[in-house]
Structure formats: structure tokens, C-alpha cells
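> First the structure, which I've put down as C-alpha cells, then a few questions once you've had a look.
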Amino acid sequence: MASVPKLLLLVLCSYHTLVAHVRGDGNYTVLSIGSLKSDSVCSEPEETSPSTGVTTVPLHHRHGPCSPLPPKTKMPTLEEILGRDQLRAAYIQRKFSGSDAKGGVQLLDLDDDVTVPTTLGTSLDTLEYVITVGIGSPDMIQTMLIDTGSDVSWVQCKPCSQCHSQADPLFDPSLSTTYSPISCMSETCAELGQEGSGSGCWRSQCQYIVSYGDGSSTTGTYGSDTLVLGSNIVTNFQFGCNYVESGFSDQTAGLMGLGGGPQSLVSQTAGTLGSAFSYCLPPTPSSSGFLTLGAVPGGQGFVTTPMLRSSPIPTFYGVRLEAIVVGGRQLFIPPWVFSAGMIMDSGTVITRLPRTAYSALSSAFRAAMRRYPPAPASSILDTCFDFSGQRIVMIPTVTLVFFGGAVVNLDANGIILDNCLAFAGNSDDWSLGIIGNVQQRTFEVLYDVGGGAVGFRDGAC
């Protein structure tokens with residue numbers, strides 16, 4: 001499998017010219033300690049400002065008070081979240097390194113009459129953001145997780161012999177006048193098998209199975225139906241109708257794949273809605289963001305960087321990080337350190353940096369935070385501080401500079417998680433880096449798949 005440095009050969013501009021692109025917006029920013037805690041009341045913004053698009057739907061943190069899901073009696077701890085996050089990040093990095101022995105298509109015998117390929121997917125338990133859509137005619141409301149690291153979308157379907165409880169009624173394909181199972185002899189089913197997500201046959205219907213990195217799995221019939229996204233209707237939307245699953249414990253109905261593969265929502269709607277989409281992840285679980293399909297590339301306020309893609313692994317959207325600025329000062333990080341590339345991922349929580357880059361960031365951040373006592377590490381987060389008795393803290397600004405001069409000044413809520421610097425280091429400088437969802441907070445992140453660009457617009461939610 002192709003290694004990340006070989007994904008795209010870009011002619012890098014002079015390393016020393018990057019400083020000229022960094023804006024001087026102040027060396028420190030104020031972080032309210034209260035913003036680090038999840039409020040029990042939904043504080044919807046007076047106005048979110050998505051860029052122009054064909055259709056926009058609200059996006060919520062699944063555990064927050066704005067979520068359409070019922071509140072959980074026990075919230076996952078930070079250690080639990082970070083432990084699952086490590087599983088996801090490790091899987092993605094193995095996939096790109098070519099060392100994932102389970103990454104290929106395998107055959108799984110379900111019974112005497114059906115055999116489908118299976119592939120190892122990313123860990124679902126790290127996914128944090130949900131949207132509400134309608135499926136079928138008449139449409140049935142379904143609350144689904146979103147994931148840029150997945151292509152195959154699916155919902156639990158009735159009758160379900162082994163499903164987790166969900167907030168919405170199970171989707172019943174027999175009640176929809178527009179539902180149609182996809183034939184196992186179709187090109188769509190064959191293509192699904194080529195992507196490693198299933199091309200088995202049961203009663204002439206295409207079957208799929210996806211097994212995820214945390215041990216969970218979904219199995220069922222691949223079909224099509226009408227999808228309602230906000231005010232927009234998508235006909236013949238292809239998705240998995242899950243009848244047997246294991247390992248899920250949330251209240252969601254399923255998953256909406258936003259990856260770059262042919263089965264994703266983005267690819268399926270490219271002909272009608274356009275091949276660009278965007279989202280804004282809210283600063284805290286107590287507020288809301290949005291997902292826009294058919295986003296207009298080149299909108300006002302965006303800074304953009306070229307999108308990197310891998311033909312063997314089309315799901316993920318890559319970018320090239322070139323510099324990090326802390327408190328207005330660019331860190332000395334040799335350019336080759338970032339040669340492995342980064343991917344944008346809505347499902348990974350914490351940004352993973354090459355070891356040399358993370359060490360430089362951690363050292364600079366600690367030095368700028370000398371006024372606060374150090375605190376013990378929290379799981380994979382090792383740059384932590386004691387904020388006891390503080391209502392607000394002053395933290396150094398952190399800026400990410402991407403290839404092409406895109407300068408992204410992180411929101412304060414994208415720098416600190418709980419009481420720690422919200423970054424982690426890879427074990428080396430050669431593994432793939434990941435831009436996690438904490439760093440994406442408050443930005444409208446634009447994926448211009450057709451134009452080959454990723455954009456950032458700050459203060460969008």
C-alpha cells in the first residue's frame with residue numbers, strides 16, 4: 001500500500017517565507033474555565049453563519065443538551081474517550097502504513113446461504129456529532145452520527161434481530177413506498193465489494209458487513225431510498241439496512257458516511273448537490289453547529305490549502321501542515337518532519353503530530369504557561385496544568401500554517417481540553433498525522449472535493 005509521503009508530490013515553497021503569512025493577532029487568548037465544562041442547558045447561538053450551500057442541517061454533540069438524543073445517565077470519562085480515540089488514530093495510521101493485516105477484504109460466513117466480505121473500519125465510539133435526517137416515503141426521522149472517516153452509511157432496520165436501543169423508531173423499509181433492496185448482481189453491489197464493505201448475496205439482495213476498530217460491527221441489506229436533508233430531497237440514496245449489529249451502546253440510529261469513497265453521501269450527491277461540503281463543530285457540547293451539502297467553494301472568509309488524496313484509500317481527506325506558531329513565535333521544526341502528511345478527521349478527537357513537532361509545541365506551550373502549576377498527565381495528554389481556583393486563564397495562541405499559506409488561528413476551546421494541551425505526539429516522525437475535531441471547533445471546515453482544496457473559516461458557530 002502506498003506510504004503517505006508518496007500520496008502527492010508537491011513543490012514546497014521556501015520554509016522561511018511562512019513567517020510572513022502569520023498574522024499578529026496577539027500572543028495570548030483568554031479561556032473561561034467554565035467553557036471546559038459541559039453545561040446542562042442548551043445555549044444555541046443567536047445565529048450560525050454557514051457559507052452558501054444547497055442544504056444545511058443542524059449538527060449537535062451527541063452527549064450535549066442540544067442533542068436530539070436522550071441524556072445518558074453516565075457520561076463517558078475523558079480517559080474513556082481518549083482510550084477509544086487512540087484505537088481510532090492507531091487504526092488510521094496502520095491503514096496508511098500498509099501494516100494493517102485486517103485491512104483487506106476477508107470472507108465471513110454468516111450462515112449457509114450468505115457470505116459477504118468484511119473490512120476493518122474506524123472506531124465508532126469516538127464519534128461525537130449527530131445530524132437528524134428523514135429516510136423513506138413517508139420519511140422516518142433518524143438521528144445519525146457523521147464521520148469523514150467512513151463511506152458506507154447505515155441505519156438500524158425493522159425487523160432487527162440484534163440491535164441496540166435508539167431514540168428514534170427503527171426504520172421500517174416495508175412502510176416506505178420508495179425503498180428498494182439493491183440486487184446482488186448489480187454494479188453497485190460489485191463496487192461495494194471492491195471497497196471491502198460487502199458484496200454477498202441473500203435472496204438476490206446485496207449484503208454488507210463493516211467491522212470497526214473497537215470490535216463493533218453492522219450487517220444487513222444494502223438498499224436505496226429517499227433521503228430528506230433539511231429542505232432538500234435526495235432520491236435513490238444508497239445505504240445499509242442493518243439487521244444484526246454488535247458493540248453499540250448509544251441511542252443513535254446509525255452512521256452517515258462523509259468520506260471520499262463512492263458509497264459516501266458526498267459522492268452520491270455530487271451530481272445534484274455538488275462535490276463540496278462543510279461543517280462547523282461547536283465550541284462546546286452545549287452549543288450547536290451545522291453541516292452543509294453543496295457548499296460553494298471559494299467563499300468569502302476562507303483560507304484554503306490543497307487537498308491530498310490517496311487512490312488506494314480514497315476515504316480520507318489529507319492536508320500538509322508546514323509550521324506551528326505558539327504565542328506569536330514560529331517553532332523551529334525542520335520541514336521534513338511534516339512530510340508524512342496529515343488527514344482531516346471529524347471522528348478523531350485529539351490532533352496527532354509528528355514526535356518532533358509535538359515536542360517543540362509542548363515545550364513552547366509549557367514555557368508560556370509558567371504561571372500555572374503543572375498537573376499529572378491525563379491518558380495520552382501529557383502537557384497539563386492546575387487551574388484550581390481560576391475562573392479564566394491566559395493561554396498562548398496556537399496557529400497552524402498549512403501548505404499554500406493557509407493560516408488557522410485556533411479557538412481557545414481548540415487548544416485546551418479539560419486542563420491539558422489538546423494535542424498528542426506520534427511515536428515517530430514518519431507516521432501519518434491527524435487533525436482532530438477539538439482543533440476544528442468553531443471553524444467552518446470546507447471539503448472542496450471537486451476542486452481539491454480544504455478551507456477554514458473562523459467564528460462560524
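Glycine residues also receive a Cβ, built from the backbone N, Cα and C atoms like all the rest.
Copied straight from TrEMBL:
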SIGNAL    1-24  signal peptide
REGION    40-73  region 'Disordered'
DOMAIN    129-457  domain 'Peptidase A1'
ACT_SITE  Asp147  active site
ACT_SITE  Asp345  active site
> Fill in the CA-CA distance, Asp147 (active site) to Asp345 (active site), as an integer in Å.
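Cα to Cα, Asp147 (active site) and Asp345 (active site) are separated by 8 Å.
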> Sort out the sequence-distant neighbours of Asp345 (active site) for me: same chain, 6+ apart, CB within less than 8 Å of its CB, listed by position.
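When sequence neighbours closer than 6 are ignored, Asp345 (active site) has Ile92, Thr148, Gly149, Phe316, Ile434, Ile435, Gly436, Asn437 within Cβ distance under 8 Å.
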> Quick one: mean pLDDT on the domain 'Peptidase A1' (129-457)?
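Overall, the domain 'Peptidase A1' (129-457) comes to a mean pLDDT of 92.
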